[in-house]
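Record features (TrEMBL):
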ZN_FING   12-40  zinc finger
DOMAIN    12-40  domain 'C3H1-type'
DOMAIN    44-146  domain 'RRM'
ZN_FING   148-175  zinc finger
DOMAIN    148-175  domain 'C3H1-type'
REGION    181-280  region 'Disordered'
COMPBIAS  184-202  compositional bias 'Basic residues'
COMPBIAS  223-240  compositional bias 'Basic residues'
COMPBIAS  242-274  compositional bias 'Basic and acidic residues'
Amino acid sequence: MAEHLASIFGTEKDRVNCPFYFKIGACRHGDRCSRLHTKPSVSPTLLLSNMYQRPDMITPGVDPQGQPLDPTKIQDHFEDFYEDLFEELGKYGEIESLNICDNLADHMVGNVYAQFREEEHAAAALQNLSGRFYAGRPIIVDFSPVTDFREATCRQYEENVCNRGGYCNFMHLKKINKDLRRQLFGRRRRSRSKSRSPPRHRNHDDRPSRGGRGGGYSDHHHSDRSRRPRSRSPGRRSGRSRSPEGKRNRSPVREGSAERRAKIEKWNREKEAKAASATD
């Protein structure tokens, strides 16, 4: 029986645990969901809820004053945020992948998923970001059950054929251009390749830098609500392509669904055992 429950954990056959929460770390029903949202006690992935604020949040393609926005400026705004966040998170450990949702539904809009190489790096980032602000807004951060973004990503969106638009319940991941990706993730690839002898052939699509400035961040003791994310001078952008990368960014697979289900099932058993011992 236990093996059967473990095998269906987080799937549509599981009538106890929410499969959407397991796959994408969020659920459109929120606290009203009829199934459990079991948050992991530790994970290599962090969810920073609703952190990215698009310049066209109210109406896509239009600023708050009702004026049309140049798509290149929208992309530049996103890449400024992506680079700023990458450098801040890189202070706490090696980043495997950094994914930001382009969805519009309340439970997914602006969600940021940061997957670290090691769980302790994610734990350090969570501890240091909790209670802080970015651009005057509190950072809401927690561990996420998502470790394989292939299961969470909308395939139709990547093929430009998703008919649900921004309200799709699977991740629509916003892309950065390949020059910026090479700049950010390539530094880790170069440093790792220099430290190895002989060199090993690995997939280094997502390798980060540990440097960081965190220009838009403040802590809860002296948050500045007038602060805005730092802007890049035109010279910083001279080497970038204006179009986002078309090729899908596949994040490295650390654990499959079966392994993650088994781990969460173990956490559940440990939690139940602690509760039972507390009542004895």
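Cβ from N, Cα, C; glycine included.
Any TrEMBL annotation is an automated prediction that lacks curation.
Remember, it's a predicted structure, so these values are computed and weren't measured experimentally.
Confidence annotation: the zinc finger (148-175) carries a mean pLDDT of 90 in the model. Counting residues per DSSP class in helix, strand and coil order gives 11 helix, 3 strand, 14 coil for the domain 'C3H1-type' (148-175).
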